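These notes concern the structure reproduced below.
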Amino acid sequence: MSNDKTVPAALLRMHFHDCFVRGCDGSVLLNSTKNNQAEKDGPPNISLHAFYVIDVAKKQIENMCPGVVSCADILALAARDAVTLSGGPYWAVPKGRKDGRISIASETRQLPGPNFNISQLQQSFSQKGLSSDDLVALSGGHTLGFSHCSSFQNRIQNFDKQNDVDPTLDASFAANLKKVCPVKNTVKNAGSTLDTTTFLFDNAYYKLVLMKKGLFSSDSTLLTNSRTKTLVSNFANSQNEFFKAFADSMIKMSSISGSGQEIRRDCRFVN
């Protein structure tokens, strides 16, 4: 973190993307081979980074305690530490995950997308055994990090037949995004932070969503359902309540069981 402030967001997202495909089995860490495109090369995962952090931890653990701690467990613990070190809650991570041997790029289609509406999000989460309450709490992970223009471009250009800009977006916020992401964008890493305190884990995200300044359609859509809207308000009003809910939902998400069977010696390759 002291070398690269973007590491916490990267690790939190990596753990989430691991768990939603084949469960929390470290499959997101596996490299592609000449015969197989792995998850990390699936479209939603091209921008994942900081895999080296897991490699470094794994190497140190293997030196002390070979063949005991899975890559999946290391990733779950790293995601928790990323949150805690960014000012967020601490929770005890249940351990004992096994590493999977299968990683398929096309299966990353199972990941909920930034353009999902509330019913698509609810369906995606319920398929993993997670509730609408978990959905709202885990969306708060958007308190960390950055998005490239492509994930929200649809909201600021040619939104629909009636509107150029998504009417559920604050107008001045949308105008700013248009400046950063013009139609003929040539800036390679153009985009926006997900909230105003991008490196701090706090409840600013929910305050922004209430102000119609959620970056993704999947953020704004949380206001279209009475239960999820109430929770957004609760978390905007109480950071303590958010922290408690986030920790509980992270424990649930990080317990989505995978088909893992081994303790990988190198997180990028099957044994």
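Any Cβ shown, glycine's included, is placed from N, Cα and C.
Annotation for HIS17 (active site, proton acceptor): spatial neighbours VAL28, GLU39, PRO44, ASN45, LEU48, THR108, LEU111, criterion Cβ-Cβ under 8 Å with sequence separation of six or more. Positions annotated as active site, proton acceptor by TrEMBL: HIS17.
The Cβ of GLU39 (Ca(2+) 1 binding site) has 25 neighbouring Cβ atoms from other residues within 10 Å, across all protein chains displayed. The Ca(2+) 1 binding site annotation in TrEMBL covers ASP18, VAL21, GLY23, ASP25, SER27, GLU39.
What TrEMBL records for PRO112 is substrate binding site.
HIS142 (heme b binding site) has a Cβ environment of 25 other Cβ atoms inside 10 Å. Sequence annotations record features per position, and here TrEMBL assigns heme b binding site to HIS142.
Look at TrEMBL and you will find THR143, ASP195, THR198, ASP202 tagged as Ca(2+) 2 binding site.
Summarising the annotation, TrEMBL assigns disulfide bond to CYS19-CYS24 (among others).
Annotated disulfide bond per TrEMBL: CYS71-CYS267 (among others), in sequence order. In sequence order, GLY26, LEU29, LEU30, PHE51, ILE54, ASP55, LYS58, CYS71, ILE74, ASP99 are the residues near CYS267 (disulfide bond), counting only same-chain partners six or more apart with C-beta under 8 A.
Residues near CYS181 (disulfide bond) in space but far in sequence (CB under 8 A, at least 6 apart, same chain), listed by position: CYS149, PHE152, GLN153, ILE156, ALA190, GLY191, SER192. Among the features that TrEMBL reports, disulfide bond is placed at CYS149-CYS181 (among others).
The annotation domain 'Plant heme peroxidase family profile' is assigned in TrEMBL to 1-271.
Taken from TrEMBL, the feature site 'Transition state stabilizer' applies to ARG13.
VAL21 (Ca(2+) 1 binding site) sits 27 Å from ASP202 (Ca(2+) 2 binding site), taking the Cα positions as reference.
Taking only the Cα positions, the spacing between THR198 (Ca(2+) 2 binding site) and HIS142 (heme b binding site) is 9 angstrom.
For the recorded Ca(2+) 1 site, residues ASP18, VAL21, GLY23, ASP25, SER27, GLU39 set the reference point as the centre of their Cβ atoms, and the other residues of that chain within 8 Å of it by Cβ are HIS17, CYS19, PHE20, ARG22, CYS24, GLY26, VAL28, GLY100, SER103, GLY258.
For the pair ASP18 (Ca(2+) 1 binding site) and CYS24 (disulfide bond), the C-alpha distance works out to 6 angstrom. Relative to SER27 (Ca(2+) 1 binding site), the recorded positions with Cα atoms inside 10 Å are CYS19, the candidates having been ARG13, CYS19, THR143, ASP195.
Excluding THR143, ASP195, THR198, ASP202 themselves, the residues of that chain whose CB lies within 8 A of the CB mean position for the Ca(2+) 2 site are, in sequence, HIS142, LEU144, THR193, LEU194, THR196, THR197, PHE199, LEU200, PHE201, ALA204, TYR205.
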